[in-house]
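The transmembrane segment annotation in TrEMBL covers 12-36, 42-60, 81-104, 116-140, 152-172, 178-204, 392-415, 427-447, 453-471, 483-502, 514-535.
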Amino acid sequence: MGRNLLMSSLENASFNILFQVLFRCITFVINAWVIRNVGHEVLGIMNVRLLLLESTILFLSREPFNRACLGQKDDFTWTHIINQIWLSVPISCVLSIVFVYIWLNLLPLGHPELAFQYTFGCWSVAASCILELCSANMALIAQLFCFVKLKVAFDTLHIFVRTILFLSIIIYDRSLALIAFSIAQVVSIGTIVTAYYIFFYWYIKNRPLYAKGALKSKIVPSLVLDKLYANMDDFHFKSIRDFFPQYLGSLNSTFNKKLSTLTVSFAKQGVVKQLLTEGEKYVMSMSPVLTFKEQATYDVVNNLGSLAARFVFRPIEDSSYFYFTQMVSRELPLHKQDQNKVQESCIVLSHVCKTVSSIGLIVLVFGQSYARTLLLLYGGEAFIASGLPVQLLRSHCLAIVLLATNGVTECYTFATMTSAQLNSYNYLMVFFSISFLFLSYVLTYIFGPVGFIISNCINMFARIMHSLHFINDKYKDTGYKPLEGLLLGKMFLLTLFVAGGICKVSENKISHDSILLHIAIGALCLTSVLIAWGYENKELVMKMYRKVFEKGEKVSRD
């Protein structure tokens, strides 16, 4: 197999970042329009309550299977992997019934006039989750065989269809906002599922023709065909039927016990991680801490505050997880593994730690001076009049520093833990989740919505400490020290400190008279910080440049 896993992971991260930028820009525009024309309450129901239902069902039914199967294609047969991933569909059906009942009967709505639309929305979200998991098998195969651009193209199609449908209905009748959201959700997911099956039907059907040199297409350029079909000797799917589950005579033969055990471990972990990830939304939904209007405000600020996480950190984490699962064995100590792979994975971990921690610090420093400016441009004077949105966004910038470090270190930890270690860690995650929910509830009553951010920071700091301990212990018998990547250069830190001071003065003295000049000063300061970082990390910058732009080394497929 000639695919370059590191190059594929870099491409995957790059394209995912571009997609996240596109997706978030569209979402922000829609949210701003909804706030001004429909109301905060409807936005709160859509972005907090309904999207939380989608996140809960999908994460608990898809994530354990996806993570368990990602790094196992060389250890188990494809039939076992396909059978395992299809279990997510019946599980999602059960979870949908349970959670829709909870959402409709146990969580307060407080808006009787929206009861019908809310009920329709809950069932529509559940249906879209089940439908999406019917293509989880093909999404997994696409990732394992490095079809990097395929997922990005389909995700972009998803956003396009959903946006067009939502806006078309809501412009026709603004009172049908939740109905519009629901219809757009189901139709857009159905489009993606159909697209996956059409692509792989076309791919398998034309593969023999490509092998004979007889495949020609007026739509798909020959260069793209070469990238799709080259280095595919280990692609053993001969028919679209191979993507569906097969009964092998008995349950023990149909499902691999080791793979099932790993899936159960990730499922236990997934429940806890979902509580940690969406904890503040669960607290908001289950208790009268905030009204839907306040929830919408918090959600808008939270989305703005997590731009770096969604645009940069999450794609890097997903790609890094895939890379580390392929390079490092879970069951063997590092000194017994291929040392070339160990060395490369150590270097990659160090570089990723340095990159994301640097980004986090930049966001923290510049966020203190530009939080008000960003919110003013987004929501206007009325939106920031209370001062709470600005306070929330500035506080969120601190959380981003911890989020950056936690994401990468925890990503490596989960990718390299044994099944036994994962099971042990699940108990610790239970403690983290319970503590987080308790702190969120208590601190929110003391500090208001800022309490959510404070509790999140405390929780992430504790998880970082655990991950650092695990990584240090993992490398104790080797000469490698990947965590040194967290130590940033003095020139970068000094430049960042000076730039932060200049921007703060600009905010107090200049921004009220000229926002454009204030932004220009920030841009110059940011440029100087990036130059200082690039100077101190010349080797890393050049290495990234060579891997991305030297076509001779680019052997992964789109």
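Cβ from N, Cα, C; glycine included.
In TrEMBL, annotation is done automatically, which means it is predicted and not curated.
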Before we move on, state whether the transmembrane segment (392-415) and the transmembrane segment (514-535) share at least 3 Cβ pairs under 8 Å, counting only pairs 6 or more apart in sequence.
no
With a cut-off of 8 Å between Cβ atoms, can you find at least three pairs linking the transmembrane segment (42-60) to the transmembrane segment (514-535)? Only pairs 6 or more residues apart in sequence count.
no
Sequence-remote contacts (6 or more beyond its ends) of the transmembrane segment (453-471), Cβ cut-off under 8 Å?
276, 279-280, 349, 392, 395-396, 398-399, 402-403, 405-406, 409-410, 412-413, 417, 425, 428, 432, 435-436, 439-440, 443-444, 447, 482-483
Taking contact to mean 3 or more CB pairs closer than 8 A (sequence separation of 6 or more), are the transmembrane segment (483-502) and the transmembrane segment (514-535) in contact?
yes
Out of 116-140, 152-172, 178-204, 427-447, 514-535, what stretch is closest in contact terms to the transmembrane segment (81-104), meaning most Cβ pairs under 8 angstroms?
116-140
Short question: which residues 6 or more past the ends of the transmembrane segment (116-140) have a Cβ under 8 Å from it?
45-46, 49-50, 53-54, 57-58, 61-62, 65-66, 69-70, 81-82, 85-86, 88-89, 92-93, 96-97, 99-100, 103-104, 109, 151, 176-179, 181-183, 185-186, 189-190, 192-193, 196-197, 199-200, 243-244
List, by number or range, the same-chain residues at least 6 past the transmembrane segment (514-535) whose CB is under 8 A from its CB atoms?
358, 362, 366, 369-370, 373, 376-377, 489, 491-492, 494-496, 499, 502-503, 506-507, 541
